[in-house]
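Student: Structure provided below as structure tokens; questions to follow.
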């Protein structure tokens, strides 16, 4: 039986640094709240992607099987508003910005997560989920046609945000409605207004509320109880509090065992957000800076603290990142293009132990980033003195251990290797689907297409053949 190192993380629910004990030994399942796809990603959206891409890589490095889900919210008030501005169907807005998301992820050189479900692919499951909450007495239909979750019926409400219900009623910003029994009650289903998209339901025409989608998609893909729910700390209340309430009310189980939240990115001390209009789009940033500059900038600060960002701060980071890149390039030149793999010595083992010890301590990436810079300085000294053993050791550690785990300073070959498994799997799936269509087994062919769509993979049959994205 494999022995795993003890990993400590800060759990928002308990308010303490705790040992991460998986629900199932050897496996860790994570749900990360994703973007509402009505605009381009900004640097604030990129922070959790960078953090949890690295966290996933670390868990895999020490031997865990990791399933990481990030959703797309593709039906929402903001999307409807954007569709009106552009005079487009709301579906087209969502599709466009999901495509732009993947372009930005490619430019960021971030690995795709295991599943990227879309809300609109889970409306039937959402309706069933709400019906069950209604049957159990946690939901009610209001006079305006909306269906609300009744907070007073759930005695554990406020546990995640560490607030009491009576305190929450005063001074907390929630969606106001005269039709609610309690100001804290939140919409599970919103009745459609004229000109808005809708789905048929037992409560009339409408669409899902914001909070219900994540509870449904996470439970459908990861099960009623999974290991970690993650996201920005601005989501703790009300979004994650509401997610947790409706999930536990429905299943009677604990939903996410642990909750991890990253701090915000600020411009001039203000939280960055599209709605505030003070955003720095990731695409524009990556035209000015290499993706490693942004990744190192974010990973050099602890994931839970807020980060102030400016072009000057990123320029300063760029200088140190370029020094590392130059030392790695010089090492490759020293060995005529390919640095030989070193023998596993005590030094090699010590560096690996430092990596694991640091990242097991509430994901202390700043210590690992600092060690990369230290190793790079030693690499430069070794290049000057032509110390071949140190050159090989430090190059390998930066490229293949520290860099590979954090997702920085990777070669093109390493980046391509990260994507090859999905491409190979999709080739097999499409070949199977083509064989089914040749046998006129269209129901099975459509089943594959529809279920791939649920996890964010779109299949299109064209005259030139079947394509996926």
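Think of each number as a place in line: the chain as shown, counted from 1.
A Cβ is built for glycine as well, from the same backbone N, Cα and C atoms used for every other residue.
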Student: Of the ranges 266-270, 271-275, 276-280, 281-285, which one does Swiss-Prot flag as motif ''KMSKS' region'?
Tutor: 271-275
Student: Pick from 35-45, 46-56, 57-67: which stretch is listed in Swiss-Prot under motif ''HIGH' region'?
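Tutor: Among 35-45, 46-56, 57-67, the range Swiss-Prot annotates as motif ''HIGH' region' is 35-45.
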Student: Suppose the Zn(2+) site is 33, 214, 239, 243. Which further residues of the same chain have a Cβ inside 8 angstroms of that site's Cβ centroid?
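Tutor: So the extra residues in range turn out to be 210, 211, 213, 215, 229, 231, 235, 240, 242.
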Student: Under 8 Å Cβ-Cβ from residue 243 (Zn(2+) binding site), six or more apart in the same chain: what's there?
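Tutor: Listed in sequence order, they are 211, 214, 215, 229, 255.
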Student: Check the binding-site residues 33, 214 for other C-beta atoms within 10 angstroms of each C-beta and report the one with the most.
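Tutor: Going through 33, 214 one by one, the largest Cβ count within 10 Å is at 214.
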